[in-house]
Structure formats: structure tokens, C-alpha cells
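Record features, source Swiss-Prot:
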{"type": "DOMAIN", "residues": "51-360", "note": "domain 'AB hydrolase-1'"}
{"type": "ACT_SITE", "residues": "SER157", "note": "active site, nucleophile"}
{"type": "BINDING", "residues": "ARG227, ASP357", "note": "substrate binding site"}
{"type": "ACT_SITE", "residues": "ASP323", "note": "active site"}
{"type": "SITE", "residues": "ARG325", "note": "site 'Important for acyl-CoA specificity'"}
{"type": "ACT_SITE", "residues": "HIS356", "note": "active site"}
Amino acid sequence: MPTVFPDDSVGLVSPQTLHFNEPLELTSGKSLAEYDLVIETYGELNATQSNAVLICHALSGHHHAAGYHSVDERKPGWWDSCIGPGKPIDTRKFFVVALNNLGGCNGSSGPASINPATGKVYGADFPMVTVEDWVHSQARLADRLGIRQWAAVVGGSLGGMQALQWTISYPERVRHCLCIASAPKLSAQNIAFNEVARQAILSDPEFLGGYFQEQGVIPKRGLKLARMVGHITYLSDDAMGAKFGRVLKTEKLNYDLHSVEFQVESYLRYQGEEFSTRFDANTYLLMTKALDYFDPAAAHGDDLVRTLEGVEADFCLMSFTTDWRFSPARSREIVDALIAAKKNVSYLEIDAPQGHDAFLMPIPRYLQAFSGYMNRISV
């Protein structure tokens with residue numbers, strides 16, 4: 001834990017909760033009569049409101065993207081390597097907004113929050129929200145903050161999908177889009193992985209149809225398995241081999257069906273256990289479904305070029321060589337469509353062994369390229 005924060009840290013930060021009374025119509029046909037969004041901001045909004053950057057989070061992300069909530073906090077925000085003075089998203093230049101999306105479980109309205117109409121936890125009654133719904137709620141957030149146009153909307157993985165959707169839904173409100181380790185839609189394999197994770201949760205006896213909180217229980221077993229499956233897909237084979245290989249946790253093989261004998265087994269169990277103590281099962285179901293549903297070209301005859309013809313932003317896409325969850329080929333689909341639509345786009349495929357999670361890591365070539373693009377943005 002830090003006693004003195006590094007010079008390139010945003011330091012101590014405090015989340016804010018913003019309440020919205022105007023009903024939000026959702027893609028599903030349902031609506032939220034009112035809702036909360038929890039945000040953090042870093043840096044200062046300039047006089048012309050031209051330096052604002054929106055950070056969109058991935059599946060298990062949230063509003064705490066940088067800095068520390070207290071001097072006792074063990075780790076900084078989830079993207080601290082990229083946000084702060086002198087970092088790619090330089091808070092001396094930019095006013096940065098990070099939020100917890102609707103349906104999340106870190107303070108924004110979601111399945112784990114109280115339904116104001118009933119006074120009870122939403123649970124399974126919280127309506128399905130999509131990437132488009134998130135973007136519409138984020139646009140209202142921008143209005144509340146007095147931001148007419150984002151200098152950039154930035155995100156990795158599911159966050160990159162939101163950044164892309166911003167340029168489609170609100171083309172005049174985004175000058176730059178940074179879409180990292182993402183895709184224009186999920187492959188069948190990705191949907192399959194999500195379904196296995198969901199079934200792990202749904203088959204947990206303590207899930208109770210999504211109303212487990214009313215009974216004071218948590219479907220930890222299902223959440224743990226879901227996270228273990230997901231975590232495997234976030235790492236590359238090379239990264240897992242280098243980190244664990246076939247190293248034993250025990251001195252020798254026990255030839256026992258129930259023993260945790262390999263280091264990689266122990267690691268996955270730890271990751272699953274830790275995740276199950278901090279994440280909501282209904283939120284996990286919702287987030288994976290939002291991933292599955294994302295397909296902006298579907299409304300344009302499955303033609304991604306047509307879908308992107310109306311965008312006005314400049315684009316930067318980055319992918320990682322060993323990412324097999326969202327492979328470089330998926331980013332190139334977006335790049336090729338943007339080129340065909342005669343849009344400005346930069347693309348970099350970064351050689352990195354870490355797999356999909358590379359977008360979260362302080363890889364020098366990645367940070368250098370990220371900084372290079374952000375430095376070009378005028379405010």
C-alpha cells in the first residue's frame with residue numbers, strides 16, 4: 001500500500017453518484033424509470049469543455065480506473081498504467097471520466113441495487129441492458145457534466161465495443177475513438193464460452209432464479225466456475241506456459257482426484273474464489289449477454305461498411321498477437337470497413353505474449369503507441 005503516491009499517479013480519488021430521473025428506454029422495450037450512475041473523474045475540464053475523455057470498461061470493470069480510494073488501498077484502479085500525469089491518457093491534458101455501467105455491481109443501478117418501485121433488491125427483475133443502452137446512458141451523463149463532445153472515447157474488449165457504438169449512435173459527439181482488443185461482434189466460439197459461464201451460475205443451487213439475495217445466499221460456486229472459464233480465455237497459451245508450465249503445488253503427484261496438484265489449478269481456484277466475493281451473479285449474466293447481443297451491422301444488412309459510413313471520428317485500433325479471445329483479425333475487420341468507408345484510421349498489432357489481458361498491462365510498446373496517438377489529439 002502506498003504512503004506516498006507516485007508522481008505519475010492521480011493520487012486519492014473519490015467516486016460520485018449521479019441520479020437520473022428521466023426514464024431510459026431500453027433496446028428490449030422495457031425502461032428504467034430512474035437510475036444511478038457512479039463515476040470517477042481525473043484532471044480538470046477546460047473552459048471550452050474540449051478535453052474530456054470517456055473510459056468504457058470491460059465485463060468485470062467499473063468506475064475505479066485510476067488512483068487510490070485511500071492510502072490503505074493495496075492496488076490502484078484497473079487502468080492506472082494508462083491514466084495519470086505523463087501516461088497515455090495524460091490527466092495534465094485531459095479531463096477523464098470513468099463510470100460503472102448500468103447493470104453493474106459497483107454502485108450504479110443494477111441487479112444488486114434497490115428497485116425504487118418495490119424497495120427490494122432488483123435481482124432477476126433488473127431489465128436487460130445492451131451496449132446501445134449503455135451508450136445512451138453515457139450520453140446523458142455527458143449532458144449532466146456539460147460535455148457536448150468527447151475528445152476521445154476509449155475502451156478495451158467490451159469497452160471497445162462501447163467506444164465503437166458511440167461513433168455510430170452519436171457521431172457528432174466523438175472526435176476520436178480508441179478501440180482496443182475488441183471486435184465488431186462476437187464469434188460463435190465466444191458466445192459459447194459465455195454460455196458455459198452462464199450455465200455454471202444458473203446451475204448453482206444457490207442462484208435461486210436470480211433472487212438469491214432475498215435468501216441471504218450467494219451462488220459462489222457458479223461464479224467461481226464462470227470466472228475460471230473466462231480467465232482461461234483472457235490468457236494466451238504462451239503466457240500460461242511461462243507462468244505455470246507443469247509446476248506442481250505439491251512436492252509430488254498424489255494420484256488423487258480431489259487434490260490441487262498443479263500451480264495453474266491453484267491459480268484458477270484463487271481467481272475464481274476472489275471474484276465470487278466481489279461480483280454479482282446477475283450482473284455477470286447481464287454483461288455476457290450484452291457482449292453476445294452486440295452486432296451494430298445487423299441493422300444495416302450485416303454490412304459493416306454501411307454501418308460506419310456515418311461516423312465522424314478518427315479511429316485508433318490496437319490488437320495483440322496472442323489474443324485469441326478477440327484476435328487481431330477481428331480488429332482488422334473494423335479497420336478494413338473504416339478504410340472502405342473512407343474514414344481516418346490508425347492500426348497497430350502489438351507483439352505481446354499476454355493474450356487478451358494485454359490491454360490492461362504496462363507493455364512498453366503498447367503504452368508508447370497509446371501515448372503517441374493521444375498526444376496527437378488537440379484540445
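A Cβ is built for glycine as well, from the same backbone N, Cα and C atoms used for every other residue.
Each of the recorded positions ASP323, ASP357 was assessed for Cβ neighbours inside 10 Å, and the highest tally belongs to ASP323. Note: ARG227 (substrate binding site) has non-local neighbours ALA197, GLN271, GLY272, PHE275, SER276, PHE279, i.e. same-chain residues 6+ apart with C-beta under 8 A of its own C-beta. On its own chain, ARG325 (site 'Important for acyl-CoA specificity') has SER157, ASN190, PHE193, THR233, TYR234, GLY355, HIS356 as residues at least 6 apart in sequence with a Cβ closer than 8 Å to its own Cβ. Note: the CA-CA distance between ASP357 (substrate binding site) and ASP323 (active site) rounds to 8 Å.
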